[in-house]
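Over in TrEMBL, the protein carries these features:
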BINDING   96, 119, 120, 154, 155, 174, 252, 253, 254  S-adenosyl-L-methionine binding site
ACT_SITE  177  active site
């Protein structure tokens with residue numbers, strides 16, 4: 001049957017559009033696959049940090065867009081920890097985990113403990129998630145790194161939404177943003193108001209680890225925590241005998257940078273009373 005000329009024209013046009021659409025889909029898919037290959041190191045199999053760069057400072061008081069639970073009972077941790085047993089819960093929290101170096105160390109040091117990293121910067125948290133995914137894939141035969149995960153959230157606002165009273169054993173504040181300007185001191189992660197929230201989610205005897213390379217910030221942290229009635233500082237002897245202490249200096253990316261630059265470390269560990 002011979003079709004009219006206008007019908008042939010419509011069919012040819014439709015086929016051409018379908019061909020172009022399929023070609024675009026193939027090109028996009030190929031580009032995404034190539035990007036994923038480029039972003040992952042061929043040597044380590046881990047994501048390359050230079051593709052996740054972001055500003056070092058973030059305003060924690062600003063209205064960022066976050067999804068967060070109304071209460072700790074609403075959190076389904078299994079989507080972050082597929083191998084999590086019913087009798088397990090998150091015990092360690094690395095607040096402002098950065099690129100996840102210390103979080104990975106926690107997972108290795110305490111394989112039976114569940115650790116969470118909390119990071120406000122979107123690209124940085126994306127890197128940690130991709131890093132953990134790659135580590136889990138690389139260690140699929142041993143099941144390692146199933147006990148660590150990362151959340152993009154604002155710990156200064158939503159910490160009690162994730163953890164029930166007395167749930168955490170340890171909290172880490174390693175190389176937090178110093179916010180040097182006096183007008184921005186209210187942005188500091190350690191302040192008198194927030195210390196009460198930290199005490200709420202910490203169990204009695206739980207520990208808060210703080211480390212910075214800024215002496216002024218160290219003095220600020222120590223003075224505020226010593227003034228709070230629910231904390232006492234560990235003695236130097238107690239701090240030195242803690243097995244975590246040696247790992248605090250250069251497990252994190254910021255700590256390693258301080259070591260390379262031959263900077264100072266200021267450590268203070270506090271016990272929840």
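Yeah, the Cβs are placed from backbone N, Cα and C, and that goes for glycine too.
For residue 252 (S-adenosyl-L-methionine binding site), other Cβ atoms within 10 Å of its Cβ number 26. Long-range C-beta contacts of residue 254 (S-adenosyl-L-methionine binding site), restricted to its own chain and to partners at least six residues apart, with a cutoff below 8 Å, comprise 98, 174, 175, 213. Nearest neighbour of residue 177 (active site) by Cα distance, taken over the binding-site residues 96, 120, 155, 252: 96.
Same-chain residues at least 6 positions away in sequence with a Cβ under 8 Å from that of residue 96 (S-adenosyl-L-methionine binding site) are, in sequence order, 118, 119, 120, 155, 173, 174, 176, 177, 189. Those residues noted as binding S-adenosyl-L-methionine (96, 119, 120, 154, 155, 174, 252, 253, 254) have their most widely separated CA atoms at a distance of 20 Å. Counting every protein chain shown, 19 other Cβ atoms lie within 10 Å of the Cβ of the residue listed as 'active site'. Of all Cβ atoms in the shown protein chains, 22 besides its own fall within 10 Å of the Cβ of residue 120 (S-adenosyl-L-methionine binding site).
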